[in-house]
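To start, the structure under review is shown below, and the notes come after it.
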Amino acid sequence: MNKNPIYRSEEEAKNIACGNVAAELDENSQALDAINGAGWKQTIACTIAQGTLGCLVSYGLGNGGYCCTYTVECSKTCNK
């Protein structure tokens with residue numbers, strides 16, 4: 001039996017506990033395509049909304065006009 005789950009045959013996949021990994025990955029990718037199929041206009045709108053919300057939360061937490069990240073470099077400047 002081949003140890004790489006992608007290269008297993010259908011018959012070998014029936015004998016393992018996790019089943020056919022390639023088929024499960026295909027089902028998952030189809031589900032993600034259905035969820036994300038709203039189009040690029042909605043994606044751009046969501047990106048703008050998330051960026052604006054992030055800036056508002058950062059300002060509400062005491063950041064004086066710059067968006068913070070969790071990096072060490074930014075933390076020093078945001079704490080001023």
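FYI, residue positions are counted from 1 along the chain as it appears here.
Cβ atoms here come from the backbone N, Cα and C positions, even for glycine.
Annotated 2,3-didehydrobutyrine per Swiss-Prot: T43 (among others), in sequence order. T43 (2,3-didehydrobutyrine) carries a helical DSSP state (H, G or I).
Taking Cβ-Cβ distances under 8 Å and a sequence gap of 6 or more within the same chain, T47 (2,3-didehydrobutyrine) has no neighbours at all. The annotation 2,3-didehydrobutyrine is assigned in Swiss-Prot to T47 (among others).
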